[in-house]
Amino acid sequence: MYSAMVEKISLLQLFILIFLFQIGSAVVVGIAGEAERDAWIAILIATVIGIIIIRLYTYILSYQPGTNLFDIMGQLFGRNASMIISLVYTTYFFYIAARVLRDFMELLITDLFPNTPIEVLSILFMIAVLYVIYLGPEVLGRTAETFFPYIIIFLLLTAIFLLASGDIKMHRLQPILAEGFTPIHDAIFPGLIGFPFGEAIVLTMFMALTNKFQHVTKVSIGAVIATGLTLSTIKIVSISVLGTELSERATFPLLTAAREIAFADFIERIDPIVIFVMMLGIFIKVSVFFFGGLKGLEYVFQVPYRYFSIPIGMIVALFTILIASNYTEHIEEGLQFVPLYLHMPLQIGIPTLLAMIIFIKGKQKKGGITNAE
Amino acid sequence: MLNKWMKKTVSVSKKNNENSATFNSCIEKTKQKLQDNFGDTSDLFIEEIQIGKQNGLLCCLTSMTDRQKINGAILTPLTDANLHNEQILDESTWEEYCKEFFSAAKHELIQYEHEVIDDILNGNALIFVDKLAKVLSIEVQKIEKRAIEEPSTQTIVRGPKEGFVEDVETNVSLIRKKIKNRHLRFESHTIGSETATKVYLAYVDGVTNQEILTEIRHRLDKLDIHALFDSGNLEELLEDKTFTPFPMLYNTERPDIIAAHLLAGKFALFIDGTPFVLSAPTTFSDFVSMSEDYYLPFLMGSFIRLIRYFAFLIALLLPSLYVAVITYHHEMIPTPLLISIISQREGIPFPAVIEALIMEITFEILREAGIRMPRAVGGTISIVGGLVIGQAAVEAGIVSNIMVIVVALTAISSFVAPIYTFAIATRLLRFAFVISAAIFGLYGVFLGMIFLVAHLASLRSFSVPYLAPIAPFSLQDHGDIFIRLPSWAMKKRPSFLRTENPNKQPNSKSPSPPKKEEGGTDS
């Protein structure tokens with residue numbers, strides 16, 4: 001009867017994980033700043049690219065359904081080479097987990113806990129992540145599933161309250177495409193491709209765990225479209241509430257926008273609640289990256305990933321603080337260094353290479369079969 | 001019968017082999033043997049009797065047997081039989097003899113020593129015949145039980161008012177009366193090396209998932225426990241996971257709930273000596289629903305159920321949210337309210353968290369005292385509790401008025417959960433939430449929520465996820481979770497129970513008055 005105990009993720013859970021993962025930190029820090037008031041168009045265009053990227057990942061996984069990225073690399077490159085690449089990926093995943101956590105920690109200490117040491121907050125957060133990951137990806141999927149409706153309801157309520165308070169002024173979105181496509185292009189390449197869409201590379205760990213692999217491509221693409229529309233809507237809301245300049249200057253645009261809410265003389269200053277809804281997205285995102293990294297370690301050392309969870313979890317909590325000495329530096333790294341030197345090769349470069357090898361192998365195999373006939 | 005015999009042999013082989021000795025000795029030796037076994041306990045009754053032409057021995061425990069039953073089932077047939085004056089020399093005549101004269105009462109022929117001892121302990125009267133190995137065992141148990149009353153927990157306004165009692169046979173009959181289906185099965189198990197408590201595993205054949213049944217049988221068989229007094233003892237041994245504040249098996253005193261659970265595809269465990277019957281697999285939503293939801297109009301039933309979910313959240317979170325907001329996030333409170341709260345708290349020497357802990361612990365003590373104290377002093381608690389702790393504490397400036405309101409609302413909400421074992425889980429967790437709120441504000445509360453949901457998501461009751469059908473999500477089952485659809489709309493059994501027959505009432509339709517065209521004659 002314990003066949004049900006094997007860690008499996010349902011398609012709905014995968015959808016929710018992809019959705020929450022991609023909006024996770026994107027709603028916190030705000031994206032596509034380069035495109036200014038046309039940012040929402042940039043996001044929509046980037047969504048299309050996001051679909052292509054996720055199709056690339058599911059194509060790689062379809063090489064052998066049920067195995068994750070590391071196993072497939074092992075089969076294509078041989079164990080030694082794949083071990084090195086896996087370690088690179090593992091480091092990358094842990095680094096991004098730390099970065100995502102840092103985004104949120106900065107939000108917490110600027111807005112809510114100016115006197116609390118950031119280390120305490122990050123260690124506490126990682127303990128929660130550890131607990132969930134220790135319980136397994138299935139539990140992460142179910143936790144996300146339980147919280148999902150509340151996140152959606154909350155995002156909708158924020159929009160409704162903003163609308164009702166009369167803060168949304170659509171004319172702030174005009175003129176559309178005033179400066180042509182150049183800013184949009186700047187926003188998409190490489191910024192938007194790497195974050196949030198390309199980061200889906202780590203979700204391949206979860207795609208491999210689903211019970212019906214044949215539908216994964218459809219579900220993933222659906223989730224990316226949903227993400228794109230949601231992010232674009234959020235962008236429209238925050239620009240139309242704050243205007244381009246304020247939205248540009250605000251460190252956390254959605255939060256600043258939510259502060260404008262004043263409804264029925266009772267619902268006002270709800271930003272602590274906004275923060276904690278964002279926290280759920282961040283939680284999912286950190287957990288997913290953390291799990292991806294642990295899976296990489298599992299592949300390299302051939303030891304169940306749970307053994308690594310506590311020490312590595314504490315290292316990630318520590319590196320959350322060590323990666324940058326202040327928030328400006330952190331954002332600078334995020335905008336200049338990470339997209340070009342980390343996101344591009346690891347999200348696009350290696351996966352494209354993998355996909356090409358699989359494609360050629362597939363051709364050869366097919367050719368072999370037709371020859372045999 | 002075969003099952004019972006096999007169970008006994010299994011339990012015996014564990015003890016020792018000398019117990020498989022027989023009683024084919026003369027009467028004096030048998031008597032000696034019995035006295036060796038039971039010692040000089042005063043309720044052991046051994047009497048030499050005449051059986052046909054043979055010498056015989058009647059043995060029972062007076063404390064366990066019913067005098068009148070002994071008269072009716074043994075002494076009267078024996079006098080009748082002795083008129084015939086038959087000779088009983090071999091076992092086949094003995095068997096026929098038993099069939100002829102003792103068929104009125106439930107009886108059985110046994111031969112091994114351990115069987116004899118077990119039967120005496122269970123309240124049977126035994127008749128030994130000189131030099132014969134077979135012993136006649138007749139059921140003359142004295143059954144002491146209280147009448148069927150309204151249950152003291154889980155009271156309802158509308159619906160059946162009967163409750164289970166301590167006697168397991170009565171409980172079984174209460175269910176049998178409700179479900180007249182030949183597929184309803186009761187499997188007998190004996191659990192507890194000292195208490196030998198009778199446990200019935202009930203299920204509906206062809207509905208309850210076979211794998212789940214195999215699993216529960218397996219878990220019952222491998223139990224090694226010396227005493228079993230209440231279903232709580234058993235619950236702790238059968239759980240999938242013990243380190244959780246949440247109950248993993250449902251327990252109730254209400255036969256209608258157990259009958260509904262059986263028909264939904266769960267199994268139930270009836271334990272002799274306790275009115276609390278267990279059922280499993282169970283999910284989170286079971287503990288928030290109540291049989292009355294189904295007896296009230298569906299809109300009302302749904303509304304009350306939503307209130308119950310809300311009360312669960314209040315009972316769990318309200319004190320911690322209050323502490324978090326007062327300590328860290330004042331800006332969330334509208335200014336006029338904030339001013340009034342601050343002015344109330346002006347003279348209070350403690351931070352909000354200490355205030356909350358003082359009040360919560362006081363309330364927990366009051367609650368415990370209210371349950372344990374003798375009935376005669378019942379009024380005292382309400383005076384001391386309500387007046388002294390509430391009003392006087394506020395007037396003395398130890399706690400603020402608003403804190404008393406928060407604690408009172410929390411307390412009332414915690415009584416809304418129908419199942420006691422579930423309600424006490426929130427009591428424990430509330431303290432954890434208050435402390436984390438005091439240290440980390442809303443951040444602590446939300447992290448606590450993540451911990452709690454992850455923990456709930458990891459639980460399984462007999463392989464059924466505890467949060468089903470919320471996670472893993474299944475839309476079909478949502479007609480009976482947060483709201484209750486009208487009963488004609490619920491055509492299927494819960495899918496997460498993986499029943500053998502998923503359809504409950506596939507053809508049920510919404511009731512509607514006859515159409516005007518057809519029934520037009522009477523108007």
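Backbone N, Cα and C define each Cβ position, glycine as well.
Residues of the same chain lying 6 or more positions beyond the ends of the transmembrane segment (B:306-328) and with a Cβ under 8 Å from any Cβ of it are 288-290, 341, 345, 351-353, 356, 360, 402-403, 406-407, 409-410, 413-414, 416-418, 423, 426-427, 429-430, 433-434, 436-438, 441-442, 444-445, 448, 482-483. What TrEMBL records for B:306-328 (among others) is transmembrane segment.
Sequence-distant contacts of the transmembrane segment (B:373-392) (same chain, six or more residues past either end, CB-CB distance under 8 Å): 362, 366, 404, 408. Per TrEMBL, transmembrane segment is recorded for B:373-392 (among others).
The transmembrane segment annotation in TrEMBL covers B:398-420 (among others).
The list of residues near the transmembrane segment (B:432-457) in space but at least 6 beyond its ends in sequence, with Cβ under 8 angstroms from a Cβ of it, reads 244, 246, 284, 316-317, 319-321, 323-325, 327-329, 351-353, 356-357, 360, 465-467, 471. Among the features that TrEMBL reports, transmembrane segment is placed at B:432-457 (among others).
TrEMBL lists B:496-523 with the feature region 'Disordered'.
Residues or ranges marked as compositional bias 'Low complexity' in TrEMBL: B:500-510.
What TrEMBL records for B:514-523 is compositional bias 'Basic and acidic residues'.
Cβ atoms under 8 Å from those of the transmembrane segment (B:398-420) belong to residues 153-154, 247, 250-252, 287-290, 307-308, 311-312, 314-315, 318-319, 322, 341, 344-345, 348-350, 352, 355-356, 358-360, 363, 367, 390, 426-427, 430 of the same chain, restricted to positions at least 6 beyond its ends. Note on the compositional bias 'Low complexity' (B:500-510): DSSP counts are 0 helix, 1 strand, 10 coil.
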